Amino acid sequence: MYLKRIEIHGFKSFADRTTLELSPGITAIVGPNGSGKSNIADAIRWVLGEQNARSLRGNRMEDVIFAGSEGRRSVNFCEVSITLDNADRHLPVVFDEVRVTRRVYRSGESEYLINQQPCRLKDIHELFMDSGLGREAYSIIGQGRVEELLSTQPEDRRGPFEEAAGIVKFKTRRKETERRLEESAANLTRVDDILAELTAQAGPLAEEAARAMHYQEVAARLTAVEASLWVAEIDACRARWERAQAEASRWGEVRAEAAAELARLEQALAQAQAAFDAAHTAYERMQQEWMAQVEAREQAESTLARLRERLDHARRTHAERQEQAEVTRRELQECQEQLGEAQARAQVLLAQCEVKEAEQAALVQAQDVRTREQLAADIERWSAAVIEGHRKVSGLRNALQAAQEAVALDDKRRERAEQEVSRWRAALAEADQALSRLARERALAAEKMAALQADAEEVEKRRRQLQQAEARCAAEVSRLQAEAASLVARLDLLRDLAASYDGYQQGVRAVLQAAEQGKLRGVHGAIANLIQVPQAYETAIETALGAAVQNIVVATEADARAAIEWLKRQRAGRATFMPLDVVRGRQLAAKERQALAAAPGLVGVASELVRTEEVYRDVVNHLLGQVIVAETLVAANDLARRTGYRLRVVTLDGDVVHPGGMMSGGSQPSRRSGGLLGRAREQRDAQVELQGVEASLAAVRRDQERIRHEGTALFEQQQALSQELDAVRRQCAEIDLTEREWQARRRHAEDRLATLEWERMQANDEQHEAVAKAEETARALAAAEAELAAAEAEVAALRERLSAHDAKAAEQKELLTALQVELAALKQEARAWADKADELRQRQHRLQARVAEREAALAEALRLIAQTEADIAQAEETWAQAQTAVAEAEAQHQRLRQARQEAEAEVAERDRACRAQRSVLAEAEERWHRATAAAERLDMELQHALRTLGERYRMTYEWAKAHHPPPDDVESARREAAALRRELDAMGEVRLAAIDEWQRLSERIAYLERERTDLVQAREQLLTILGEIDREMARRFSETFEQIRQAFQVSFKQLFSGGRADLVLTRPDDPLATGIEVMAQPPGKKLQNLNLLSGGERALTAMALLFAILRVRPVPFCVLDEVEAALDEANVSRFAQQLRALAARTQFIVITHRRGTMEEADALYGVTMQEFGISTLVSVRLAEDADPETA
């Protein structure tokens, strides 16, 4: 593997995209100071995962981004990519080229890619781990880094040695194992705490559970005794029921016979009854017809009598009305005569009044002046009366107007009251509707709340169950993770051992590693890797194979020869090869198989006990085809004798009987990680077990995820239910508030209605009073106005009389008075006769109307008499016809009555026979019913006993009788049951749930104890793995250190042309913590402290150490940044020669400005700053330019 390409864009001074195409060998990068040469080394270190900005000569990671110059703006990100040729699969990926890219943005974001696929920084670290590359490896030696190899503390010099030993990955896994060990310890502490708490609970709960179990034992014995008593009761009840059933069956047969006879008799009765019914029906029909005829005749008679009575009444009415008409006519004539007399008398009296009035007028005119004073006084008096009348009329008018206004006001008040009453009645109705609606809403809300609360309780119950299940899953995940971690650590160790071919001979390991690197062809692998052996046969097969277990299978003889030549060239040791084209299998002969057939203790032929691919079957048969596997050494001796001691026999314990009878055996040496066969099997078993654990872990995690999802869904459902409950509660509160508001409104409406009703009644009363008062005032006003008019008329008349009397004499006053009296009497009489005439005139009109009515009534009476006479004639004809029909119907009625009586006698006879048979049947049915009732009662008792046995004791009768047979002494069993029940009562309240709780607690404790055992075992396994890792790291470190020590001694002498140097461990007994002291003695000097060496000597010593490491553990490429700056020309030349010697196995990228280094380079790159602050790259091939300094 080598570095093919470096691409830089925006990194430090490389603003533009720059590409370095590299080849194996030595590539020198030259340029003036400050041109940016070292930025290339920083770019390689950065892309390999360097996270310390100070190691990149910056303060922050953003400092590696091109910051701009006078003529260029800054960029927002930088990117570095390196491309590695991986054709030899040095890196553990299946790609011929590996491209690693890293980007960083000014925002602080970073990106990592492997072959353009996003990855993590950890993936890059793991990719280059133990490859000699990486940010902390010895593949990149920057300015001043050489001095650090010598100036640091001895313990700090371990890094390059550990990288060279390939234990960095082991250290990482050790840290991971320690982390898992801490987690296991934490889990163990948690389990111990839980166990302590549960153990504290176990004591009291165990006592309570024991008491409950004793209670259950007594209760079980009581159940058994009572069940046996119930079985005895059921048996007795069943016997009584069977006897009752037999009795019921006997009486059922008697009942059936009686019923059959009764049915026959009833059939005959039915026939007789049918005949009677037919005769009765005909008789009834005829009777109805006869009755109808009789009724028609009687109706005709009644009609005829009624018509005759009507005729008599009409004739009497006609006579009465004729008489009344005559009386009315006479009264009319008398009235007319009286009217003429009254009119004549009234005319005479009127004529006399006129004469008397004339005389009065004459007398008035003749009156004297004496009456004037009287008239004046009368005028004054009546004038005062007129004034008083005006005042009274005005007051009454005002009172009338006030009364009318009061009536109008009362009308308005009443209308308003009516409107208010209507409005408040509507409000009351609205309140009632609202309250009814709210009551329905409250009921619905209460129902919904109850449903939601039930759902919420169910959800909460389910959540608690899920929480418990999640806790169990978490504990199971912890246990499985610990187990998986232990298996992963074990599997990693086994894989590392397999990858490093630990346990193989040096030559075998070298060939297999070379084959993996593509240096040798046709290598299939070692025998241990090509066969699979069941664990029970591993010892036997590995003993049978012996050293052949490390034989290497190759394709051809040529491949075997090439591998052997390679081993010789590399001085890498020896190995045994088995070419597939040459090796042929060996098998038992037929007679040998026959001799072994059915031999005791025979396991089988060794080649037949292993599995391998068919291509390797000849190889396996060659090695194991003539090896017999026996169970024991005794069986092996027997089998060897059977085959004449010609075959090798191996026991399962590893003892061997060789051909010829030689035997070997004893105890097997303990193996650190099992044999080579066991290691492969153990790796497969660990892989299978890990897959099983991972599958279980995945299943538990799926359950855990499902539980979490379900828990989340339940939590969301619970939240939704809580919100709905809150909403319903708020709704109920709102309903209560609204209901109280509507109730308040309703009470207010009721109060207001009561008030308005009282106000309306009061208004009605006031209105009636106002109306009455207005009417009374109106009447009073009319009377007052009439009195005022009379007074005013009187005043006017008096004034006229006064005027008249002034002209007439007063001496005729007495005559005038007498005349006035007479005149008044005449007028009174005339008015009486006039009134009488009016009355007579009105009476005349009434009498005339009455006469007209009498005459019309007489005409109607005559018409009614004629009509009635015609109806009587018709009714007499109808009666005659009805009389004839009645006679005919009566004769037929008599005949049908006789037939009905005969049928009735037949029915009576049949009915007497049926009644007698019914008595027989009734007795049979009574006996049958009594027997059936007794059987049913006993059956109910039996069913009750069976049901009690099933419900109370959860037993069927068959099971109870089989397990709890009836007792021999029932009374003794009852006494025992009573004693057991008293014992249960004496025990008082017993919590039976304690048994389940104790069982669950015991199971929980047992589970936790198993989990603790698993954790302890996992911890022990992790400790074992830690020990194995430490031993492997110590072994590798010690081996690598010794190799580097020897190489350092050689390279030191080469670089110094003499002298001696050594590497010494500060703590040889602890290879994993020891420091490394560097001892150096340049030629001609004493062995002295490194601090006393010159700068060039120190640099050359560090170079010797670096070259020693590269010789022992070559790296694909190495970047050296001016490491030879402190050397003189002679030493630079020796340094360049060492580079050239190592360049065959390691690619070198050297940043330098020394001539000797440049002369040894295969290619040169020049770095310049043609534009200030921006590095530019110029490549020069030495074949094109002979003078390297021109680069």
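Just so you know, glycine gets a Cβ as well, placed from its N, Cα and C.
Remember, TrEMBL labels are computer predictions, not curated facts.
Predicted, not measured: the structure shown is a model, and the values here were computed from it.
Residues or ranges marked as ATP binding site by TrEMBL: Pro32, Asn33, Gly34, Ser35, Gly36, Lys37, Ser38, Asn39. Under the heading coiled coil, TrEMBL lists 255-361, 400-497, 739-941. The annotation domain 'SMC hinge' is assigned in TrEMBL to 521-640.
Regional average pLDDT for the coiled coil (739-941) in the model is 72. Excluding Pro32, Asn33, Gly34, Ser35, Gly36, Lys37, Ser38, Asn39 themselves, the residues of that chain whose CB lies within 8 A of the CB mean position for the ATP site are, in sequence, Ser13, Gly31, Val1167, Met1169, Ser1175.
Taking Cβ-Cβ distances under 8 Å and a sequence separation of 6 or more, the neighbours of Asn33 (ATP binding site) in its chain are His1153. Taking a C-beta cut-off of under 8 angstroms and a sequence separation of 6 or more, Gly36 (ATP binding site) has the following same-chain neighbours: Lys12, Ser13, Phe14, Val1167, Met1169, Ser1175. In terms of DSSP helix, strand and coil, the domain 'SMC hinge' (521-640) has 64 helix, 22 strand, 34 coil.
If you draw a 10 Å sphere around the CB of Lys37 (ATP binding site), it holds 23 other CB atoms from the protein chains shown. A 10 Å cutoff on Cβ-Cβ distances gives Gly34 (ATP binding site) a total of 11 other Cβ atoms nearby, all chains included. On its own chain, Asn39 (ATP binding site) has Ile8, Phe11, Lys12, Ser13, Phe14, Ser1175 as residues at least 6 apart in sequence with a Cβ closer than 8 Å to its own Cβ.
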